[in-house]
Amino acid sequence: MILLRKRSVGVKAFFFLGSENKTHFLFPTFTHTEAFSPVSTMVSGGEFLYISLEVLIAVGCCLGNMLVIWAVWRSGALNKPTFCLIVSLAVADFLVGAVAIPLAVTVDLHIKIPFHACLFISCFLIVPLQASVLTLLAIAVDRCLRVCIPFRYKATITKKRSWFLAAVCWILASFLGFLPMFGWYNHDTLTRYNSTSIECQFLDVIPITYLIHFIFEGCFLPPLAVMIALYCYIFFKIRSVRAGMSETSTCKKKEHQLATSLVLVLALFIVCWLPLHTIQSITYYNQSIHVPSIALYFGILLSHANSMVNPVVYAFRIPKIKREYRKIWRRMICQQQQADTNSSRTAASNTTDSHDGRVHVKISPQGGATDMTDSTVK
């Protein structure tokens with residue numbers, strides 16, 4: 001999902017923004033036929049706040065997903081099928097924070113590059129975002145199978161098949177993202193410029209029809225509908241199994257925790273994505289509607305934050321990774337404490353206070369005997 005900016009390559013949301021009779025950060029004037037949707041502009045202070053929040057989200061995406069990958073690798077959980085998909089999701093979300101968001105901000109500097117280089121950057125930004133959505137769908141399918149066929153799950157979903165599914169998600173995401181490179185781009189842009197170099201602008205190279213009708217309506221809404229159906233089926237399946245068995249306190253707790261986790265997964269996905277796409281659909285099909293810029297910024301930040309909260313949803317609720325997190329933090333704290341202790345011991349061994357008010361410092365030159373020099377304390 002791509003944030004469409006007239007003056008920049010955007011990230012993870014469809015948006016077509018414009019302002020009247022002037023160029024503005026994120027809300028520029030559209031002069032070609034595919035421009036639309038007048039929106040109000042935000043003051044420079046608001047822009048600074050927005051960029052600052054984007055930076056924080058990018059840092060959170062990188063650190064959080066790096067921690068997920070590290071924890072899964074340290075715990076040896078890569079041998080289990082479900083964790084293959086979790087790592088695939090973490091890699092996709094890491095690329096959103098490490099590549100997509102920084103590139104989007106960098107291109108705001110109006111860099112002038114060859115047309116096909118700009119097209120490649122624009123297409124590359126779509127890949128990790130599509131991979132994230134597809135992997136979310138794969139995880140939903142995996143969890144559905146775990147609930148529906150618990151006795152055949154291990155035989156059906158093997159490690160090899162999980163890695164194959166993760167690879168399919170990335171191959172499909174790459175195909176969807178780089179499809180404009182095979183001719184589905186704005187050919188008019190090349191004729192408008194006298195040279196092959198252009199000021200890289202997302203909408204100048206990527207057609208709106210590709211983004212709205214193909215990516216959003218074809219590649220986002222269907223997975224969302226499937227995930228809703230899967231999680232609803234899982235939830236009611238758990239309730240039906242629970243109603244037909246003798247309930248103990250432990251069983252109730254486990255079932256309630258599983259049901260809550262599944263509802264939370266679906267709810268967070270909808271909360272992060274639905275507001276922005278709702279506004280996008282309204283502004284696309286009714287260009288006369290005036291959208292406050294603060295609403296757009298809020299929706300954009302929510303869509304970006306989806307990659308930051310995924311480590312919490314898919315990792316912190318998994319006991320094995322949660323235990324590994326604790327081991328990592330304990331190790332880091334112990335190393336810091338050990339470093340402080342060693343530093344204190346070194347200082348204590350090299351400096352001693354005497355009763356006569358003098359400080360005796362030991363000097364140990366290489367190859368020589370230890371000398372004692374006295375310095376009077378002033």
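Each residue, glycine too, has its Cβ placed from N, Cα and C.
Feature annotation from TrEMBL assigns compositional bias 'Low complexity' to 340-352. Per TrEMBL, domain 'G-protein coupled receptors family 1 profile' is recorded for 64-314. For 340-378, the entry in TrEMBL reads region 'Disordered'. Among the features that TrEMBL reports, transmembrane segment is placed at 48-73, 85-107, 113-141, 162-185, 211-236, 257-276, 296-316.
Looking just at the domain 'G-protein coupled receptors family 1 profile' (64-314), the mean pLDDT is 82. Between the transmembrane segment (85-107) and the transmembrane segment (296-316), the number of CB pairs under 8 angstroms, six or more residues apart, is three or more, so the stretches are in contact.
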